[in-house]
Amino acid sequence: MKLAKTRFRPAPRELDLNIDYRVAATGLPRPSDFARWVGAALQGRSRPAQIGLHVVDNAEGQRLNAEYRGKDSATNVLSFALNEGEEAVAGLPLMGDIVLAAEVVAREAAEQGKDLHAHYAHLTVHGMLHLQGHDHETDTEAEAMEALETVILARLGYTDPYAVEH
């Protein structure tokens, strides 16, 4: 089910963001919100980026999570770097896709007492950091990634997303 597709080009030479809303849900961020969050996560990068951002339902989120991660449940965010493992080549864009499962994001925000848009901002930044090579497989990596997310979100005017959980 494809509901709406928006191509947002805030700075054509720097960011080509294709937003694909595949679910009708209340409280979804606007394309300009996603563009601001993606742009903040890219701050300081000199190479351009081509990003696909897909907002999906639980069924599609579960299918993708099972297919690519071997986990048979929907998750909040998935990231797919199209040039993963390749060296950054001058002039070539960072390319990848971020998938957000709207129902999972809304449920988590409610359960954790978080503002829905703040949670979308956090997960969008989290996904963008994965596309740029950040990970959280070890405690050290997780701490570094969480710290970077917190700094980026603070610049956007959001509180520490981990303060609620710790």
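Using the three backbone atoms N, Cα and C, a Cβ is placed for every residue, glycine included.
Here's what Swiss-Prot has on this protein:
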BINDING   His126, His130, His136  Zn(2+) binding site
Zn(2+) site shell beyond His126, His130, His136, criterion: Cβ within 8 Å of Cβ centroid: Val77, Ser79, Gly127, Leu129, His134, Asp135, Met145, Glu149
The one of His126, His130, His136 whose CB sees the fewest other CB atoms within 10 Å, among these binding-site residues: His136
